[in-house]
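What follows is a single structure, written as structure tokens, with notes after it.
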Amino acid sequence: MDNHNSSHQLYKKAMALVLAGGRGSRLYNLTDTRAKPAVYFGGKFRIIDFALSNCLNSGIRRIGVVTQYKSHSLLRHLQRGWGFLRGELNEFIDLLPAQQRVDEEHWYRGTADAVYQNIDILRSYGPEYVIVLAGDHIYKMDYSIMLRDHAQSGYKCTVGCVEIAKGEAYAFGIMGIDENRKITSFIEKPKKNAPTIPGTTDRCYASMGIYIFNSDYLYDLLEEDITNKESSHDFGKDIIPRVVSENQALAHPFSMSCVPRGEGIEPYWRDVGTIDAFWEANLDLAANMPELNIYDKDWPVWTAQEQLPPAKFVPDRNGNHGVITNTLASGGCIVLGSEISKSLMFSKVRVLAGCKIDQCVIMPEVVVGENCRLKKVVIDKGCDIPAGMVIGEDPIEDAKNFYRTDKGVVLVTKKMIDELKEK
């Protein structure tokens, strides 16, 4: 059987489970009203759209989405934008809130518990392979290639991994591997002595939060883990170390299945779990030749499509045209005679006359009043920025009125603006 046909048969035997219940506390006020996977990204998408689009483009069309923390925004997005799969062809996206399977007091206690609480649903669909995905990373990956790698290897678990500098290892689950890619050790966020990639001294393999299991093996692991009172019921801390100890874990480097892939192509994967990382990944898209190609017709990023008129850029009342460079603007935006550079504007943003906006991420339904100056600002949905406001130039004022990171990125929310107006 050739590789194409082999992959075709395999993805029919697989089901994906997207873990989308996390708060993402390091995003601070951006997740006050929504789960991290529901946070806006890239001018028109939500973060979860990337994992779901990877599933569809890879042929994986049996998908469960596990939700918990402040899930209304996420559920509404999935219902509006992801209801096009055809049930009569055994295609679906199941929305899976916490089942309180263990008892009536506990919601999901960890990533492994989130899967365990849906074990009956998984079994009812009868997949041979279960693909467990984090719903909060930005990347493009062909899961069918990883699935084929897993099936051909003979291992019972395969872990997706991305190459990082050793100096960044403290923030990730790091794996040691042998020359055949068998995982020999797995350490969650090591502070020192992180295992390096064979043949290097300064590069490590970090877990991407992507796992493929033989389904029966996964069920056995989860049922054993749930009875362990010492367990935190987490894949990275408990399940994967157990699999490694049983010599059943294979490492799958992201470079083997990233989209696009090939010589000289740097795989693009971003954990947007902090305000700085979120801001940087959004601004990546404003580059002349962005590393992440959202214009690829062969691997589209799907999302909910609100029916809106095109963005419009017009002179102000004095005839000043303004200048817009390296900026993405979604439908329904209107900009009057302002200067905007290297920024992203989500749908229905209004920028009034005389503004100067640089390196900003502006979420839907924001109004920026006349003569504002904004630099390195992330503005949450629905903010009404008063005329003449300056953000991003005075670190002391920014830290007093808003949330400012050590790198100088300022987060502005509707609540912050409302409180400022009351002073």
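Yeah, the Cβs are placed from backbone N, Cα and C, and that goes for glycine too.
As annotated by Swiss-Prot, alpha-D-glucose 1-phosphate binding site applies to TYR108, GLY173, GLU188, LYS189, SER207. Other C-beta atoms found within 10 angstroms of the C-beta of TYR108 (alpha-D-glucose 1-phosphate binding site) number 26, with every protein chain shown included.
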Note to self: According to DSSP, does TYR108 (alpha-D-glucose 1-phosphate binding site) sit in a helix, a strand, or coil?
What the structure shows: coil
Check: So which of the binding-site residues is most packed in, judged by how many other Cβ atoms lie within 10 Å of its Cβ, out of GLU188, LYS189, SER207?
Finding: SER207
